[in-house]
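Just below is one structure, and these are the notes that go with it.
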Amino acid sequence: YEREGEPSMLSAVDIFVSTVDPMKEPPLVTANTVLSLLAVDYPVDKISCYVSDDGASMLTFEALSETAEFGRKWVPFCKKFTIEPRAPEMYFSLKIDYLKDKVHPDFVKERRAMK
């Protein structure tokens, strides 16, 4: 759906994630949701993710600040190596040999940096 060297014809997409209570909706779940949305197979400059925290929780705010920092590494890692699933918690918790059939020399190094 994209051609090398040509501007993307895909529409911009805005995604809204809402949360209220960090005790009922743990910030880790919200963080994983945001990271998996940002890592979708779509041009980075065409996707925006907004979080609405109706509870104005400082815990959620701080968690999402850390999420933004981690996302600067996670999203390019996912796109470069076609990582699935794209939610970090799920990716690192599965008992799968991710190194099997991986020939890219940077994969092991970058995966360790993600942990």
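Yeah, the Cβs are placed from backbone N, Cα and C, and that goes for glycine too.
What TrEMBL annotates here:
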- S18, K24, E25, D54: UDP-alpha-D-glucose binding site (BINDING)
Cβ packing number for K24 (UDP-alpha-D-glucose binding site), 10 Å threshold:
8
UDP-alpha-D-glucose binding residues S18, K24, E25, D54: largest Cα-Cα distance, in Å and rounded to whole number:
13
Drop a 10 Å sphere on every Cβ of the binding-site residues E25, D54 and tell me which sphere holds the fewest other Cβ atoms.
D54
Which residues in the same chain, at least 6 apart in sequence, have a Cβ under 8 Å from the Cβ of S18 (UDP-alpha-D-glucose binding site)?
V51, S52, D53, D54
Starting from the Cβ centroid of S18, K24, E25, D54, which together make up the recorded UDP-alpha-D-glucose site, report each further residue of the same chain whose Cβ lies within 8 Å of that point, ordered by sequence.
T19, V20, D21, D53, G55
